[in-house]
């Protein structure tokens with residue numbers, strides 16, 4: 001089997017940037033996805049350019065912070081910020097203009113490209129793929145990139161995806177045992193499994209803007225551990241990135 005350890009939230013805070021960098025340089029993370037509207041976007045771009053082996057994707061969002069574009073009336077609240085989560089976006093989806101969705105997501109992609117970053121794949125913040133899949137699919141074809149697999153879609157056409165998207169390594173599931181169970185389930189197959197991760201060093205920026213904080217430092221510890229890397233080697237698990245699909 002092959003595993004892609006993808007680190008979400010690149011740029012959400014300086015601590016997240018450095019936590020992901022640590023998980024890449026000393027651990028098993030080879031891919032990460034960058035938030036175009038994140039507080040530490042410039043730092044993330046700088047780190048990405050200094051580490052060309054780290055595979056960069058776009059972490060498309062309609063639920064975090066403020067949009068790249070202005071005047072998106074159906075996507076934002078009275079303060080001009082995105083609605084806060086998947087549920088609030090889903091509940092208001094009937095009133096969302098999908099043209100606004102496409103324009104904003106395109107702007108996020110173009111901001112990353114304009115910064116000199118090559119994008120290999122797309123995923124989304126708060127896993128909103130089921131709500132915007134037609135737009136995401138269209139943009140993936142346009143930019144020639146891979147996307148994160150999700151269970152609501154059975155036919156991805158010519159777009160490359162892993163065979164499975166694993167979300168278990170999150171919150172109370174952040175443990176070495178979680179990854180071992182995943183490996184044992186797929187060992188001996190040709191499956192490509194993406195494991196969602198959120199490693200970060202905790203800082204005040206992260207505490208202020210994210211509800212998922214404390215487990216992130218534990219993720220760094222596990223993803224960089226010699227024990228995990230030795231186990232994956234013993235099981236002949238190949239660690240790859242989205243570039244390798």
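In case you wondered, yes, glycine gets a Cβ from its N, Cα and C as well.
Sequence-distant neighbours of residue 125 (Mg(2+) binding site) (same chain, 6+ apart, CB under 8 A from its CB) are 8, 9, 35, 59, 60, 61, 62, 63, 64. The annotation Mg(2+) binding site is assigned in Swiss-Prot to 59, 125 on the grounds of sequence analysis.
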Secondary structure of residue 59 (Mg(2+) binding site) (DSSP, helix/strand/coil): strand
